[in-house]
Amino acid sequence: MAEEAAVRAQAETVRRLKQDKADADEIAKEVAKLLEMKAQLGTDEGKHKFVLKTPKGTRDFGPKEMAIRERAFKAIISCFKRHGAEVIDTPVFELKETLTGKYGEDSKLIYDLKDQGGELLSLRYDLTVPFARYLAMNKITNIKRYHIAKVYRRDNPAMTRGRYREFYQCDFDIAGQFDPMIPDAECLKIVHEILSDLQLGDFVIKVNDRRILDGMFAVCGVPDSKFRTICSSVDKLDKVPWEEVRSEMVGEKGLSPEAADRIGEYVQLHGGLDLIEQLLQDPKLSQNKVAKEGLGDMKLLFEYLTLFGITGKISFDLSLARGLDYYTGVIFEAVLLQQDNEHLEEPLSVGSVAGGGRYDGLVGMFDAKGRKVPCVGVSIGIERIFSILEQRLEASEEKIRTTETQVLVASAQKKLLEERLKLISELWDAGIKAEMLYKKNPKLLNQLQYCEETGIPLVAIVGEQELKDGVVKLRIVATREEVNVRRESLVEEIRIRTSQC
């Protein structure tokens, strides 16, 4: 019996040890889970290490900034629609191979994403290449479209000058086989309209043609293999002097000093129809078939721009190169000359605010049979424009309205919450933009002050007497004038008065 008892006791001990071990393992698991959760949530001690900031090259936009942006977007979209454009959208990322090899030396700025599900993806660099892919994929040969969306560049940001890693582009493009220079002229007219409408100050739209550039490089002795890389150097002439560009061509890119000097004679020329005529008589350039073709089209373009009445803002500039590989014909870039700076101590320097050109071969790169769809388009540099508008408004101390509220529904006495709710519901249902304070019994003075602070132009006041008389007291905030309006006429009265604001 004693032996049995000893065996049982030993078995019980083993069981308890096993149970204790199981419990310990379970506790260890729970502790590990808690530690993991704690690490994710952060500790009190570690809170000071947590940096609240946006990623480099990005920013938040508060209500005031968004009001300015919406105003600019509205002007741009209105112009695009006025010219008959349809709107499209494409994914924020594309297959990496879609974007590769389309941007020349700028390809190094493409944001590549981690392999997800067997697809190598990249964030879109612009809206033009996705547009070309869209045309080829859907076999579209004729469309006039606009597209406003964010694009991404792994660039060194200069945010004070409107240069970001994440930013909006506003693109307008005409795709299809048309007679020469008519769509190109319309794109330049659109740039002129938008920059004039936004009142950014004096500007010039530089124009050139890739064919003129290629012909110029050929007659100057640049080898075919170096056309694109020399083009990228020339494109820097708006930022650095000719001496530096020449040094890069010769020292870094292996161009002969003689060829560089010959290029220098051309790229420092700019003018209008007179310069085009001069170059058509140039003994070397006029003998180059490609350059002559480009100059002929440039002359035609200036004739159309004269009919549009905008040649005063156009400059034929041989230094304009635009480094993107996909351009095939006319290229253009809008640059602000000086700001209308009544309130600013010194002019803002923000560089190019729009650019574009003709890219007849891009769609064919995506088509299995290489079928081409001629295209020309323009992209508005909206972030740089925003930088100017924001700084200008800040300097002028103009008050920006961040809402579009037309009327505040207010009460003059207590216990009128139900009546306010009924009235504001009627206004909302009629399409009126209305607000009310979220208090049962707000003071009338507080309600009126809210309107003055936020720029709400009208106050619809309900009181006991007004309810008996079937009227609403409408107060004009700016003049403090008050009129009684029949309840059934209130919506129309608000519409009339706010249309005059």
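Here the Cβ of each residue, glycine as well, is placed from N, Cα and C on the backbone.
Sequence-distant contacts of Tyr327 (L-histidine binding site), defined as residues of its own chain at least six apart whose C-beta falls under 8 angstroms from its C-beta, comprise Arg210, Gly357, Arg358, Tyr359. Look at TrEMBL and you will find Asp126, Leu127, Thr128, Arg153, Gln169, Asp173, Arg322, Tyr326, Tyr327 tagged as L-histidine binding site.
Taken from TrEMBL, the feature domain 'WHEP-TRS' applies to 1-55. On the 0 to 100 pLDDT scale, the domain 'WHEP-TRS' (1-55) averages 68 in the predicted structure.
The domain 'Aminoacyl-transfer RNA synthetases class-II family profile' annotation in TrEMBL covers 57-389.
Comparing the binding-site residues Thr128, Gln169 on other C-beta atoms within 10 angstroms of each C-beta gives the minimum for Gln169. Residues within less than 8 Å, Cβ to Cβ, of Arg322 (L-histidine binding site) and separated from it by at least 6 positions along the same chain comprise Asp235, Ile331, Glu333, Gly355, Gly357.
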